[in-house]
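Undergrad: Next up is a structure, given as structure tokens.
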Amino acid sequence: MVRTLFSRREHSYVILGLLSLLPLLALAAPAPAPTPPQLQQRQAQASSPVDNECGFDGDDNTYGLGIRIGVYLQWVTSAIAYGFLPTEAQGVRGVNSCFQAAMFAGLLFITITKGSGLYAVEAYMMLIFCMGGVCSGDAKADGGIFKAKQFAYHKASNIGGLIRFVLSTGFCVYGLWFFFTGMDHMRHPPCSTWAYFFAKVNLYTWLRTFMKIVFVLMGIIHSIVIFWPIANKLCCTPSTSHDDTVFGAQSESEPEDTSRSKAEKGLEGTSMVILSGSLISFMLTVELMIRWNHIRGVNELGSTGQLLPLIMAIGSFIRVLHIFTKEGKKPESMSMEMDNICGGSTA
């Protein structure tokens, strides 16, 4: 009898102890699974166009803030060197070619590795970087009908010209593939297909047709440059006078050179204005596309991969700017000096 009462008391104590632990177990237990209406609401929020369609995480190692600033500075440095500092043009041209090669390699890399996961606006922005590099590298002619007297002793080597032409041909081939078929196999959600062409334009509308025409013309020009010398050697007899006019050799007489000086200066001034406008347009295109397409994670220096191009571009820009301010090579003084060198003052 006593044992049964004692055992009942023990059971009651145990039950009371377990009941006292229930609040702690309730606090430590995980939250209950959401009900079907709650689950549907969360799925609707997760699939909302604001989160998925109107934005994506960009690749900061390909077009992050540091890389973009480095490319822009290199464009400006090239324009200053080609226009006013012929002694620095050769070195800047080499750095510019390295930037072009790096950007094109990055474009090919993300195209191959990401495949259909690559956004079309990403590839278009990288293509804009490549086109801007080509334009900034063509600020001065290396020869031709009008001989660049300011660059008489600072012309690019044949190897450098060949490298730039190969890169330009690669950009052209990629552009043809991208606008004709490549962009159809890339990601293009409705809210992330915007580009800049003097206004906010959908990349998959008339802008695509216009860019097809542009790259077809570029392809024709590159084909002529490639196959014309071969056809000329196979079909025509070589003549020294023809070669001299094509490659800009100094076979003309001095009176013809002096008569061309005004036209040459006008052509150089016009080319610099067109170059400046083109580079500004390229910069606006990239920055506005990042904003309009809601690309996240590319407006801060968040990785060490962005530091190398940024430091290289800053160093090159500071060097050219220092020499420019030190020597005082302004357009008027430069043109007057070139007139004296080229025989503008006669005895």
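Cβ coordinates come from backbone N, Cα and C, glycine included.
Caution: TrEMBL annotation is automatic and unverified by curators.
Annotations per TrEMBL:
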- 38-49: compositional bias 'Low complexity' (COMPBIAS)
- 35-55: region 'Disordered' (REGION)
- 245-265: region 'Disordered' (REGION)
- 1-28: signal peptide (SIGNAL)
- 65-85: transmembrane segment (TRANSMEM)
- 97-117: transmembrane segment (TRANSMEM)
- 123-141: transmembrane segment (TRANSMEM)
- 162-180: transmembrane segment (TRANSMEM)
- 210-231: transmembrane segment (TRANSMEM)
- 272-292: transmembrane segment (TRANSMEM)
- 304-324: transmembrane segment (TRANSMEM)
Undergrad: Please work out whether the transmembrane segment (210-231) lies in contact with the transmembrane segment (272-292), by counting C-beta pairs under 8 angstroms that are 6 or more apart in sequence and asking whether there are at least 3.
TA: no
Undergrad: Checking distant contacts: for the transmembrane segment (162-180), what same-chain residues at least six beyond its ends satisfy Cβ-Cβ under 8 A?
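TA: For the transmembrane segment (162-180), the nonlocal Cβ contacts are 97, 100-101, 104, 107-108, 123-124, 127, 130-131, 134, 137, 156, 208, 211-212, 214-216, 218-219, 222, 225-226.
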Undergrad: Let me spell it out: take the transmembrane segment (272-292), skip the flanking residues so only those 6+ beyond its ends count, and list any with a Cβ under 8 Å from a Cβ in it.
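TA: The answer is 58, 63, 68, 72, 75-76, 79, 83, 121, 124-125, 128-129, 131-132, 135-136, 138-139, 194-198, 200, 298-299.
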